[in-house]
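What TrEMBL annotates here:
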TRANSMEM  B:12-34  transmembrane segment
DOMAIN    B:74-292  domain 'ABC transmembrane type-1'
TRANSMEM  B:77-99  transmembrane segment
TRANSMEM  B:111-131  transmembrane segment
TRANSMEM  B:165-190  transmembrane segment
TRANSMEM  B:211-234  transmembrane segment
TRANSMEM  B:275-293  transmembrane segment
Amino acid sequence: MRRRWMSAVAVTVAGLLSLTACGGGGDGKSAGDGQAAKKQVEVFSWWTGPGEADGLKAMREIFEKRNPGLTFFDAAVAGGSGDKARALLSSKLQANQPPDTFQGHAGAELQGYIKAGKLEPLNALYDELKLKEVFPQQLVDQITYKGNVYSVPVNIHRSNVLWFNPKVLKDAGVAAPPKTIEEFITALEAVKRTKKIPLSIGSEWTVVHLLESVLLGSLGTDAYNALWTPGADWSAPALTKALGDFKTILSYAGPAQDDWQPASKQVADGAAAFNVMGDWAYGYFHNPPDGGLGKKSKEDFDWVASPGTDGTFMWLSDSFTLPKGAPNRDGALAWLKVAASKEGQDAFNPKKGSIPARKDADKALYTDYLEWDLAQWANGKLAGSIQHGVVANDAWKTAITEAVGLFLQSKDVAKLQQALVQAAQTNNQ
Amino acid sequence: MSRLRRSRLKRWLPGLLLVTPSIVLIAVFVYGMLGWNFRLAMTDQHDEISEGSRFVGLENFVALWDQERWGLSVRHAIVFTLVFVGGALALGWLLAFLMEKGIKGEGGFRTVYLFPMAISFVATGVVWRWLMNSGQGEQAVGLNRLFQAVGLGFLENDWFRGETWGMAAMAIPAIWQMSGYVMALFLAGFRGVPEELREAARVDGCREWQVYRYVVFPFLRPVTLSALIILGHISLKVFDLIVSVSGKQIITDVPAVFMWVAVFDAHDPAKGATIAAYIVLAVAVFVVPYLIWNARREKRS
């Protein structure tokens with residue numbers, strides 16, 4: 001009797017184990033087979049946070065109004081910079097089970113997928129919607145890979161912004177925010193004498209973020225953009241000087257904070273004078289508490305282009321793509337049309353706190369910082385961000401991050417440059 | 001005849017059914033995956049999506065040592081292991097020793113000390129990230145603030161952001177978490193010493209410390225070894241604690257974090273598999289001798 005009972009348990013356990021082991025194979029879409037009449041479009045992103053998720057929802061409403069025959073399936077995966085989403089995405093692409101469309105940073109970050117032949121070129125869509133006329137020419141150039149465009153940028157963020165505290169600057173006797181790297185160093189020195197933190201920094205990635213702004217400011221826009229063309233000379237003396245500037249500027253940095261928010265907060269609180277961060281810092285400074293700091297712009301905090309980069313917009317962008325073999329290709333194209341449209345971008349961006357990639361956007365929707373930002377976008381030169389995946393592909397970016405991390409300990413400029421040369425040789429093709 | 005066979009079948013079939021699923025699952029998902037990982041580590045699959053890869057032998061294993069970051073992460077892992085294993089053993093032993101001497105409300109203390117083990121490393125990390133904030137002076141929070149408040153301001157330090165001692169500081173939360181468990185192991189060890197032996201030693205004229213020195217401590221050797229193995233392999237694989245305290249920064253890089261970066265940031269599966277292989281080998285260095293020692297001991301008894 002007891003033995004029979006035991007074998008029953010054994011069989012049940014075996015069954016359960018094999019169920020749990022193999023049950024994960026089915027993909028989420030088979031569940032939607034019931035509503036075959038309304039075709040589903042799977043949109044994969046990492047927009048789950050406040051602001052960004054609201055923006056996505058606004059675009060979704062437009063999409064569903066325009067396409068009554070299609071259902072929007074939100075396949076968002078949580079996690080700030082998309083680490084987890086991208087890990088899942090590459091395994092899906094490798095298994096040739098792509099979502100219908102996915103979010104990615106426009107530019108070199110998509111190169112791995114493009115080289116492996118996982119993405120469809122979108123030239124036809126660009127021609128159909130005349131997108132080359134409404135996006136800045138330089139943007140189209142910088143996201144073109146071997147003559148083809150593979151993504152539709154929905155929004156634009158700016159990376160080269162110098163945030164500062166006007167009161168701290170005034171106390172230190174700095175009359176105007178610095179315009180060049182030399183002025184920046186003088187201002188940092190002046191703040192240092194008042195015992196405040198001259199420059200606040202966060203974790204390692206914020207230092208890479210600082211590096212890209214210093215490189216752009218020290219080298220100038222054309223020389224900076226040339227670094228990312230095949231065969232670029234990373235051992236040039238101009239770069240040595242730029243890295244020397246970087247070292248000098250970094251020597252004024254306060255103790256590293258946990259992430260970018262506490263570092264920005266030091267500026268808002270008047271503990272530090274300067275911080276170089278992307279324009280998402282504006283939302284953090286400006287939004288009411290729980291989410292933001294509720295500070296007054298131009299009074300508690302202020303901004304200029306980071307030193308030496310006035311007139312140049314260092315951009316990064318979220319974009320959508322069309323994977324090869326998308327189960328619902330037409331649905332994906334319908335989504336891309338919404339993402340590219342003026343209506344879609346104007347619905348998304350004010351909520352997310354970024355500006356549209358289109359030059360013809362409704363300017364009235366963008367106020368205060370975003371107004372300045374939009375004007376600079378329409379009229380400035382462009383440069384791509386390193387940290388945010390525009391100019392360097394993932395492997396190259398990781399190598400640069402590693403070099404900067406090691407530099408933070410050694411403070412050895414020659415070694416940093418050597419590592420950067422090495423990284424460029426391995427990855428710049 | 002057939003009845004005999006059937007009854008024999010009846011005897012071993014349920015048992016076999018009971019263990020088969022786990023044998024199959026372990027064979028596939030542990031040893032199969034391990035083998036697959038080692039195979040991947042010996043190919044030139046340096047990006048995720050391109051198809052086809054070449055067998056390159058131990059090339060990746062050698063190339064890794066040329067990288068400054070690898071040397072740094074190995075050094076970090078060694079510092080972390082020494083401080084964590086040493087600290088948890090010493091503290092756990094001390095707690096067990098105090099308990100063993102007999103205190104009031106032992107049950108309560110035991111629960112309190114054992115409790116941190118119930119918390120995941122991630123949760124521990126989130127709390128200690130705040131406690132070990134490197135801000136000093138006006139910026140101080142967490143432990144640095146506490147030091148100020150009790151007049152021990154000179155103890156304020158950078159914690160895990162310090163270059164030399166950063167990894168030693170990183171081991172503190174791990175010690176906090178695991179020393180209660182070590183205490184429980186040692187306490188069981190202490191309680192396993194027969195009272196007759198102690199009595200006999202006392203009758204033979206041993207002082208109390210001699211009773212411990214010659215009778216009790218030798219009994220604890222197997223427990224110490226088990227604790228060493230358990231802590232050692234946890235330490236070599238540590239990932240969650242570090243990532244939740246400091247994220248993926250070079251200043252606290254260890255092999256497991258480096259592996260994550262190689263696979264998921266740089267998209268280099270072969271390199272990640274190589275690092276993973278080294279971690280498995282390092283854990284094996286701890287675990288295999290223990291298994292052999294255990295098997296021998298069982299044979300002897």
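Backbone N, Cα and C define each Cβ position, glycine as well.
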Candidates B:12-34, B:111-131, B:165-190, B:211-234; stretch with most C-beta pairs under 8 Å toward the transmembrane segment (B:77-99): B:165-190
Stretch in B:12-34, B:111-131, B:211-234, B:275-293 most in contact with the transmembrane segment (B:165-190), if contact is a CB pair under 8 A: B:111-131
Stretch of maximal Cβ-Cβ contact with the transmembrane segment (B:275-293) [cut-off: under 8 Å; candidates B:12-34, B:111-131, B:211-234]: B:211-234
Distal contacts, the transmembrane segment (B:211-234) - CB-CB under 8 A, six or more residues away: 81, 84-85, 88-89, 92, 174, 178, 181-182, 185-186, 188-190, 192-193, 197-198, 201-202, 283, 286-287, 290, 293
